[in-house]
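Trainee: Relevant sequence annotations retrieved from TrEMBL are reproduced here:
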TRANSMEM  12-29  transmembrane segment
DOMAIN    12-326  domain 'Acyltransferase 3'
TRANSMEM  41-61  transmembrane segment
TRANSMEM  81-99  transmembrane segment
TRANSMEM  131-151  transmembrane segment
TRANSMEM  158-178  transmembrane segment
TRANSMEM  184-207  transmembrane segment
TRANSMEM  214-231  transmembrane segment
TRANSMEM  237-259  transmembrane segment
TRANSMEM  271-289  transmembrane segment
TRANSMEM  309-330  transmembrane segment
């Protein structure tokens, strides 16, 4: 089988790194009673992730040789790192439970369910909160796979536009007047409140690599407006004002507009690109160990407001180190091995790494 090869885009890598660090900084400073100096805005970093994901997955499907190739590439990309991070978090939780005489067999069931990445449908709680986005991503991949398999990729603008409108109506009118039905739909299709962001990423790709048009920019505007109206649905009100929600979306859409017009090369410095390289592991591994274990430890070792910030620097360096270890000792070797086994190809002059 011929493997789909996509050259790395360092700007997208950098944007992923920025998004991951934003989320980490939010989690380090949330619910502490200390001023966060705007770092609470980092909770919206997932919106930037979703925009990038729509762009990258559509690009991957445009270049893939078969649906099987796409599925294998997604499994190789997602699961080794995810399994490593879930196992690490599970081990830390078990160690804590053992030392506090609170170990339960429920831990094993939760761990096994989380390893599937489909714990949402199993009714099992996420081992670490960031995992909630994984089912959103998986449902998006499955949706795009269906569109690809049915030969409708060429009609993605019509399909995406209609689906965005339907999601918008269900998320607004449906939620207001038929809340129980909305809850059922949102459970079955957790992409509901986020699809416009993914679709915007797809349209950004079409503008950059196909052609710009008034209709496509109107679609971008429509996706932006749809995303404005789901603020209450996302449970962000405890941390963000609506105006902050709007402002961050303006920034993220503006970054993508700059990117597709080749005006964002300045972000692809070594630091951001490195953070982008480890962003998947960093996103998955950081919250549980930071919030429940390292932050209380730092509060004892480094008390006071100055200690709070010094402690957060220590925690940030620690989780970046952990993410680096997962990326370079597990993710990259596993991907190389699995690609060789499952996606053999003839040597080319292209970079072996994939963009996603």
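Even glycines carry a Cβ here, placed using N, Cα and C.
Give me the structural setting of these features: burial, nearby parts and distances.
Mentor: Beyond its flanks by at least six residues, the transmembrane segment (12-29) meets 36, 39-46, 48-49, 52, 55-56, 130, 239, 255, 259, 264, 267-269, 271-280, 282-283, 286-287, 290-291, 295, 312, 315-316, 319, 355 of its own chain at Cβ-Cβ distances under 8 Å.
Same-chain residues lying 6+ beyond the ends of the transmembrane segment (41-61) with a Cβ under 8 Å from its Cβ atoms: 4, 6, 12, 15-16, 18-27, 30, 70, 73, 133, 136-137, 140-141, 144, 148, 153, 156, 194, 197-202, 204-206, 209, 227, 236, 239-240, 244-245, 248-249, 252-253, 255-256, 283, 354-356.
Within its own chain, the transmembrane segment (131-151) is flanked in space by residues 46, 49-50, 53-54, 57-58, 61, 64, 67, 70-71, 74, 78, 82, 86, 114, 117-121, 159, 189-191, 194-195, 198, 284, which lie at least six positions past its ends and keep a Cβ under 8 Å from the stretch.
Long-range Cβ contacts of the transmembrane segment (237-259) within its own chain (Cβ-Cβ under 8 Å, at least 6 residues beyond either end) map to 11-12, 15, 26, 30, 40-41, 43-44, 47-48, 51, 55, 200-201, 204, 208, 220, 224, 227-228, 231.
A Cβ distance under 8 Å defines the sequence-distant neighbours of the transmembrane segment (271-289), meaning residues of its chain 6+ beyond its ends; these are 10, 12-21, 23-24, 27, 49, 81-82, 84-86, 88-89, 92-93, 127-131, 318-320, 322-324, 326-327, 331.
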Trainee: Any residues 6+ beyond the ends of the transmembrane segment (214-231) with a Cβ under 8 Å from its own?
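Mentor: Distant contacts of the transmembrane segment (214-231): 47, 157, 160-161, 164, 167-168, 171-172, 193-194, 196-197, 199-200, 203-204, 206-207, 237, 240, 242, 245-246, 249, 253, 257.
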Trainee: Let me spell it out: take the transmembrane segment (309-330), skip the flanking residues so only those 6+ beyond its ends count, and list any with a Cβ under 8 Å from a Cβ in it.
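Mentor: Here the qualifying positions are 24-25, 28-29, 80-81, 84-85, 88, 275, 277-282, 285-286, 289-290, 294-295, 298-299, 301-302.
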